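One structure below.
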Amino acid sequence: MFQGLFFLRFLGIFCIDNHVICKEGQFNFFLSIVYSENQLSWTLPIKPWIFSEYRIMWFKSCKMTFVCFNRMKSYRYPWTRLYSTSGTTVDSSEVKTFLALAHRWWDEQGVYAPLHSMNDLRVPFIRDNLLKTVANHQPGKPLSGMKILDVGCGGGLLTEPLGRLGASVIGIDPVAENIETAQRHKSFDPVLDKRIEYRACALEEIVEETAETFDAVIASEVVEHVTDLETFIQCCWQVLKPGASLFITTINKTQLSYALGIVFAEQIAGIVPKGTHTWEKFVSPEMLESILESNGLSVQTVAGMFYNPFSRYWHWSENTSLNYAAHAVKSGAQEHQVPAESVLKEETEELQATASTIAGVREEVKK
């Protein structure tokens, strides 16, 4: 007990009539002391702005414990990870949400109507950027010969259009009922049945067997649902071939996206089922670009997207404060390496050209 009181005096804390006055810089406050037989507990009526950046602070000395609770507001040190380090990127609570809607994927007037409409933007966005990497393509099947991984494919709303463009597509989703819906729908088209393969699994489960396999990875409306974004991006990098593309569509983390994307779209208009999104998981283009670049992916394009709930159509926009699409390319060592023989040949030719020029100048001087 006396050791604890000595510690208080050391901090500049004085006891007056069963109250403690603490004066340490700007932290002036009163504490009520409640005595018990074995411990000393404290009650702290602290002003809202004091310690506002901290969830909990501890000061200990012998048997004395000082605990300060304020607003439940987390503080993250700059050297800590931004995302969880769990073994999976799948959020089990979100799996339950999509499980309940697994049978409604192909209802074009239902809860997934915005995703059906989004194909008008995202399919050409993927196709046109992939065609920049090939010299020739077949009419009607421009993506023929390409292997694409559609992560979080749901019922196959984006997987099927990519298959119709000639690509060989693997669609994966952690919700087995979503995969059953996708399998059933593609079975009606014999052509798609050959080009598309579906698997009920998470991305990290197929990384080893599909390393550097795909010409493109699609994560459309997915990254705002994963538990560990950095691990997810690392897995995307691993399954991409050098020079291959990653396409992402997602929601920006802004006040506007909260107001329109959650309050209006989910709670008022019912455009999206309640609980579909968690605002804390939204990611800004700047943060996404930082994670992509730090994991060996060079961002090529970021474009804003806007959904009109009245016309039910999507439009490209210069404003990225709501939805946006991003295209990144996996950098490959071979893109930056020049064979030593080529370098030596070029240097030899330059030296020969320089020697010829000098010889010509000397001849002119003699004349």
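Just so you know, glycine gets a Cβ as well, placed from its N, Cα and C.
In TrEMBL, annotation is done automatically, which means it is predicted and not curated.
All chains included, 22 other C-beta atoms sit within 10 angstroms of the C-beta of R122 (S-adenosyl-L-methionine binding site). Positions annotated as S-adenosyl-L-methionine binding site by TrEMBL: R122, G152, D173, S220.
All protein chains included, H225 (Mg(2+) binding site) registers 22 other Cβ atoms within 10 Å of its own Cβ. As annotated by TrEMBL, Mg(2+) binding site applies to E221, E224, H225.
The signal peptide annotation in TrEMBL covers 1-22.
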Measure from the Cβ of E221 (Mg(2+) binding site) and count the other Cβ atoms within 10 Å, all protein chains considered. 21
Compile a sequence-ordered list of residues in the same chain as S220 (S-adenosyl-L-methionine binding site), six or more apart from it, whose Cβ lies below 8 A from its Cβ; state 'none' when nothing qualifies. M118, R122, D150, G152, L158, F247, I248, T249
Radius 10 Å, atoms counted are CB only; among the binding-site residues D173, E224, which position scores highest? D173
Whose Cβ lies within 8 Å of the mean position of the Cβ atoms of E221, E224, H225, the Mg(2+) site, other than those residues? G152, V222, V223, V226, T250, I251, H277, K281
Excluding its own, the Cβ atoms lying within 10 Å of the Cβ of G152 (S-adenosyl-L-methionine binding site) add up to 25
